[in-house]
Amino acid sequence: MNSTTCNSTLTWPASVNNFFIIYSALLLVLGLLLNSVALWVFCYRMHQWTETRIYMTNLAVADLCLLCSLPFVLYSLKYSSSDTPVCQLSQGIYLANRYMSISLVTAIAVDRYVAVRHPLRARELRSPRQAAAVCVALWVIVVTSLVVRWRLGMQEGGFCFSSQTRRNFSTTAFSLLGFYLPLAIVVFCSLQVVTVLSRRPAADVGQAEATQKATHMVWANLAVFVICFLPLHVVLTVQVSLNLNTCAARDTFSRALSITGKLSDTNCCLDAICYYYMAREFQEASKPATSSNTPHKSQDSQILSLT
């Protein structure tokens, strides 16, 4: 069947549409609120720029940018079937910050791995300046790859989601490479950290509890990463691997992409929630100011408060 005869606009039952509207509204409100508070704490309430603080500040910025672009992306998906400037700009910001978020989570996992697995070399391998350089490099790589993806997309039928009559192989390859490589790194680093922590002898009950909490946090971070992003990229992998010759098949995968894409957006809220548990200094800084004169003690979550 000719692809031009297929309806590119997804139609959902009224109840599903209402659920999506409520879901998107809650996601926007909670995500903007949580990440704005997190960014305020990182910028104004913390006393020292650690590696953790630099990575998480960039992560909060990426999540906020994605959330701000989300209403325009949803509008263009529903009401526009061509590559308008608004569509290209909003979806470009959306995609850039999705994969920037993935890249930053990967950088945090590597930083944590270095701190725990190679503590003697951590001082020369880790520093706030190096963390800032990594963030700048990641922004440049992500934005550059998005520009290349945009040019390839325009050559192959369209950059915007709604204008693509088929899934462009080269542009999808950017998405798959931008996830599966970070996934392998995050899984490796997380397993290494958990292994080291499980073998580390505890000096007392307090340290044993701290080790257990740190291990749980590593597993939780890995679970959030996999649950939010893996379903979307599995659907992309299947879609690019199959020859979708019928409108029904394309419609099915378009619905799967829509649902898994919304699932991936929840990462913006979950990232903000993880801030409160990953960094003890974030918990201290987010408390109301007191009259205590005790000096601030910086805690780096990447060492998981165990070194």
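Cβ coordinates are placed from backbone N, Cα and C, and glycine is handled just like the others.
What Swiss-Prot annotates here:
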TOPO_DOM  1-18  topological domain 'Extracellular'
CARBOHYD  Asn2  N-linked glycosylation site
CARBOHYD  Asn7  N-linked glycosylation site
TRANSMEM  19-39  transmembrane segment
TOPO_DOM  40-53  topological domain 'Cytoplasmic'
TRANSMEM  54-74  transmembrane segment
TOPO_DOM  75-88  topological domain 'Extracellular'
DISULFID  Cys87-Cys160  disulfide bond
TRANSMEM  89-110  transmembrane segment
TOPO_DOM  111-129  topological domain 'Cytoplasmic'
TRANSMEM  130-150  transmembrane segment
TOPO_DOM  151-176  topological domain 'Extracellular'
TRANSMEM  177-197  transmembrane segment
TOPO_DOM  198-217  topological domain 'Cytoplasmic'
TRANSMEM  218-238  transmembrane segment
TOPO_DOM  239-257  topological domain 'Extracellular'
TRANSMEM  258-278  transmembrane segment
TOPO_DOM  279-307  topological domain 'Cytoplasmic'
MOD_RES   Ser286  phosphoserine
REGION    288-307  region 'Disordered'
MOD_RES   Ser292  phosphoserine
MOD_RES   Ser298  phosphoserine
MOD_RES   Ser301  phosphoserine
Count of other CB atoms lying within 10 Å of the CB belonging to Cys87 (disulfide bond): 24
Candidates 19-39, 54-74, 89-110, 258-278; stretch with most C-beta pairs under 8 Å toward the transmembrane segment (177-197): 89-110
For the topological domain 'Cytoplasmic' (198-217), residues assigned helix / strand / coil by DSSP: 15 helix, 0 strand, 5 coil
Helix, strand or coil at Cys87 (disulfide bond) [DSSP, three-state]: helix
Counts of helix, strand and coil residues, the topological domain 'Cytoplasmic' (40-53), according to DSSP: 9 helix, 0 strand, 5 coil
